[in-house]
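Data block below; observations after.
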Amino acid sequence: MTILGLRNTWGVTGRGAALLALSGLALLLAPLVADRYLVSVLTTVLWFAYVGQAWNVMMGFSGLLSLGHALYVGLGAYASAALFIHFGIGPWAGALLAMLVAVAAGCGIGFLGFRFGVKGVHFALLTIAFAEVARVGFDHLQWLGGSGGFFLPVEAGVSDPLNLRGSPTLFYYVILALVLAALAISRLLLHSRLGYQWLAVREDAEAAEAVGVDLFHARMTAVAASSALTALGGVFQAFYFNNLFPEQVFSMGRSIEIILPAIVGGIGTLIGPILGAFILTPLGEGLTFLLEVSGLELPGLKQLFYGVALVVIVVFRPDGVWPWLASRLGLVRASGEGDER
Amino acid sequence: MSDALLTVDNLSKRFRGLKAVSNVTFTVPEGRILALIGPNGAGKTTSFNLIAGVFPPDEGTVTLKGQRLTGLKPNRVCAAGIGRTFQIVKPFGHLTVEENVVVGALARERSVETARRQARALLERLELADQAQRPARSLTLPDRKRLEVARALATRPTLLLLDEVLAGLRPTEVDRMVEVLRDLNRREGLTILMIEHVMRAVMALSDRVVVLDHGEKIADGSPADIVADPRVIESYLGAEEA
């Protein structure tokens, strides 16, 4: 699978470390100089970086293609929102339960898929099917608002971080923290015994099994880790937007949006999903802006440009932008010089 | 027979009615090297896969040191002490050579650091140390074959199954690999069951040879007896030289 690209995950040079640190610092200070609009764009960028990272654990690390990750976002969002609205449980505590719900769903899908030998594209179809079932199901779940939407109360001027209520800047820092945490967790996982086994399963399941890897266990843990992380993205989404519609939250389009950052940035790499999000969201926003100032009002034109841009990226950098950029700019040690993971 | 490490008893496997392996019985004594030879399609690799747990046999049993392996999945067979290589090499292509072997070592190690130390020692031994940080897919075929052996050895097997690790190697490379295998066998007492077509290596290495043809065992004896056996010459050796 050429799409997987190099697994060169960390192994950064001094220059790479400096650039990453500088980027981190810039993100940390961004709300001090950015206006409201820019903060909201950056929040969106970071949200996609986060869920892209979470998806990457399944596809990038373990070779399990999920095209229904909106399911875990949606379950996380609805679970935390329901706990908040119906039981008065705050989002931080609710997040734990939301993650459990998503993990249960993920493990259910995983069990079906892995026990009955559903592989590759067929596994991907299974993940789509479950996301679609959830979309239709939640449409009819009146307890959670049904198709009319589920809303969280919005009070202007309230700052209550414990309940994840507050200014856009608060949400910006929360999602930034989530991105950094997901990055750290992904790196930790990748360097663990389990991580090595995931990579082995991704590369060649038969050979992995021959060296003692329990395929079922490896795949189930990957699904569990990915769905848990993704659910947290859903919790954030619920409390950031304050409204949830099954048609949006569980949509196929959302599932695709989730996987794009990793594909563009570099599947299986740690920085790839983050870089991908920083390419894609501004690209979309930039196109909107350009179309506005140019006065062109053709519906679908933005999507068309966006699609073309995506094709260009994927055709010319099939392994993702990060592996290419990193080696061009000397940000990572070239393979052969020793990749200290 | 009390010193048998591996006992293959009456093993049979059919694929869509075709008998791939038919009532095959043999033992591999502890500390010895046994070669499994025969023409293409004789059922050698199928026998390997039955031993390694890739698929269950229709009939028969596989026992390692008295422990029944029949029906176990490959990862359990590995845990029981059998390491294997694949005829068509299966490196973890995007991982480095060292990481490939680390995965093998993690079969018995919880700590990645310890596994890495073991992997480095093995790469040293298989003369792959200078390639340790290269992606496995960039290796040449002989190096990939050695990587297969290194990765299988990393699981610390009591029995090593080698599926044509010498095929496609040049004579000098064959000699190097033969040296490594002989060394593993003599110095560490590693028991080896090898499928091999390179008769020179079979003669040099093996203590005993089992010959399969059309899924059945047609001969079982010392290398000297085997090359003199009329049935073996007719079905395999003669045909090869002709």
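Along the chain as shown, the residues are counted starting at 1.
Glycine too: its Cβ is placed from the backbone N, Cα and C atoms.
Look at TrEMBL and you will find A:12-31, A:37-58, A:70-89, A:95-114, A:170-190, A:258-284, A:304-325 tagged as transmembrane segment.
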Same-chain residues at least 6 beyond the ends of the transmembrane segment (A:170-190) whose Cβ lies under 8 Å from its Cβ atoms
9-10, 24, 27-28, 30-31, 39, 42-43, 46-47, 49-50, 53-54, 56-57, 61, 159, 161, 164, 198-199, 225, 229, 232-233, 236, 239-240, 270, 274, 341
Spatial neighbours of the transmembrane segment (A:37-58) not adjacent in sequence (6+ beyond its ends, CB under 8 Å) are 27, 30-31, 64-66, 69, 72-73, 168-169, 171-172, 175-176, 178-179, 182-183, 186, 189, 222-223, 225-226, 229-230, 232-233, 236-237, 240, 257-262, 265, 267-270, 272-274, 276-278, 280-282, 285
Within the same chain, where does the transmembrane segment (A:258-284) have neighbours whose Cβ lies under 8 angstroms from its own Cβ atoms, ignoring anything closer than 6 residues to its ends? I mean 6 or more beyond.
3-10, 20, 41, 44-46, 48-49, 51-53, 55-56, 59-61, 66-67, 69-70, 73, 179, 183, 186-187, 190, 202, 230, 302, 306, 309-310, 313-314, 319-323, 325-326
